[in-house]
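K.L.:
Quick one: the structure is below, questions incoming.
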Amino acid sequence: MASKLQPIVVFLCLSSIFVRQSAAGQCPMSGTSSGRRSLKQAGPSLQFGFYSSSCPSLDNIVSDKITWYTNEDGSTPAKLLRLFFHDCVAGGCEASILLNSNGAGPAERDAPISATLEKFNVIDDIKATVEAQCPGIVSCADILALAAVHSVRLVGGPTFSIDLGRRDGWNSYASTATSFAPLSTFKVDALLTNFGNIGLDQTDLVALSGAHTIGEIHCTNFADRYQGSSPFPDWNFGNEMYNYCSNYGASPDFATLNRKTFMETLTPNFFDAQYFVALTQGRGMMTSDQELYNDWRTRPLVEAFAADRNYFFDSFVSSMQKMGRLGVITGTDGVIRKQCWASP
């Protein structure tokens with residue numbers, strides 16, 4: 001089995017490089033970035049209830065739209081949550097992931113790491129509806145943040161609020177989306193370094209990884225598990241995945257069939273703590289998932305989350321709010337885009 005597979009590594013949903021931009025320092029919306037620097041937590045100005053007076057219908061609009069799209073396609077919540085992750089870890093939470101490429105070069109959404117991102121159309125639709133009721137008020141960055149919050153709630157996860165007041169960025173660089181991103185083959189040392197570089201800690205690493213309790217994964221993302229360096233502890237489960245991904249050996253390189261499976265196979269469309277239970281059973285899909293249980297530093301949190309869903313939910317909410325403050329643009333910096341895919 002192992003000799004037939006070629007190792008393929010892919011980027012995780014969370015990377016470690018940020019770029020900040022402001023209206024005072026405009027530059028092309030896409031291309032090759034320079035002057036890149038690490039961003040930490042936002043300074044002042046994000047607030048809970050930021051739009052309570054200026055756009056009181058905002059929350060209902062976002063909730064109604066996501067509910068409708070989820071009824072049409074049950075994978076919508078996981079994909080919107082992933083969009084928010086990708087935005088925050090590539091330039092900060094300023095909606096750069098939504099910008100189209102232009103003549104200056106490829107934007108984040110066209111980087112290799114972004115190839116499987118979807119549901120941009122959902123954010124565009126929400127933005128159009130919001131603009132019709134509250135023109136020029138609500139940023140795409142805040143719409144994306146709210147979409148993630150409502151997506152988690154809609155599939156059984158915690159109901160929570162996120163502070164708002166983000167402005168939209170001008171720039172989007174494909175290189176920002178890929179540089180120094182953690183790989184699916186990373187173990188805990190490398191993961192902690194990457195998360196530490198952006199101001200997130202060990203608890204954030206484990207709690208945010210819990211988002212893998214919903215959604216899908218391409219088989220190529222865990223092909224390295226069959227090379228011997230990081231095998232599935234549950235051998236029967238690993239063999240089951242191999243048979244599915246290779247069509248019982250017909251396409252042992254995995255990429256030929258390009259099949260997808262669920263990140264967590266027992267309750268894949270329900271946001272719960274089952275992801276952590278799966279790790280304790282040796283059923284983590286990616287090396288970077290299973291290593292959270294294998295490593296003595298992160299195992300206690302995995303076990304605690306597996307045993308107590310409410311503890312996981314509380315930690316996840318805290319880490320989501322913390323991540324949502326990374327690299328934001330506020331005040332009079334940045335812009336409020338009329339269309340999320342187009343820089344003014």
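Note that Cβ sites are derived from N, Cα and C of the backbone, with glycine treated the same way.
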K.L.:
Out of T213, T220, T330, which is the one TrEMBL records at the Ca(2+) 2 site of T267, D272?
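P.N.:
Looking through T213, T220, T330, the residue TrEMBL assigns to the Ca(2+) 2 site is T213.
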K.L.:
Pick from C134, C140, C219: which cysteine does TrEMBL list as forming a disulfide with C340?
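P.N.:
Cross-referencing TrEMBL, the cysteine bonded to C340 turns out to be C140.
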K.L.:
Looking only at C13, C134, C219, which is named in TrEMBL as the disulfide mate of C55?
P.N.:
C134
K.L.:
Just how many other Cβ atoms lie inside 10 Å of the Cβ on R82 (site 'Transition state stabilizer')?
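P.N.:
Result for R82 (site 'Transition state stabilizer'): 22 neighbouring Cβ atoms inside 10 Å.
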K.L.:
Whole-number answer please: how many Å between the C-alpha atoms of C340 (disulfide bond) and T267 (Ca(2+) 2 binding site)?
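P.N.:
That separation, Cα to Cα, works out to 33 Å.
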K.L.:
Can you figure out which of R82, D87, S96, C219 (the recorded positions) comes closest in space to T213 (Ca(2+) 2 binding site), comparing Cα atoms?
P.N.:
R82
K.L.:
Hey, for the Ca(2+) 2 site built from T213, T267, D272, who else sits with CB inside 8 A of the CB center?
P.N.:
G156, I214, E264, L266, P268, F270, F271, A273, Q274, Y275
K.L.:
Return the count of C-beta atoms lying within 10 angstroms of the C-beta of E108 (Ca(2+) 1 binding site), excluding that atom itself.
P.N.:
27
K.L.:
Could you tell me which three-state DSSP class C93 (disulfide bond) falls into?
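P.N.:
Assignment for C93 (disulfide bond) reads coil.
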K.L.:
Hey, which of the disulfide-bonded residues C140, C219 is the loneliest by Cβ count within 10 Å?
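P.N.:
If we count Cβ atoms within 10 Å for the disulfide-bonded residues C140, C219, the smallest count is at C219.
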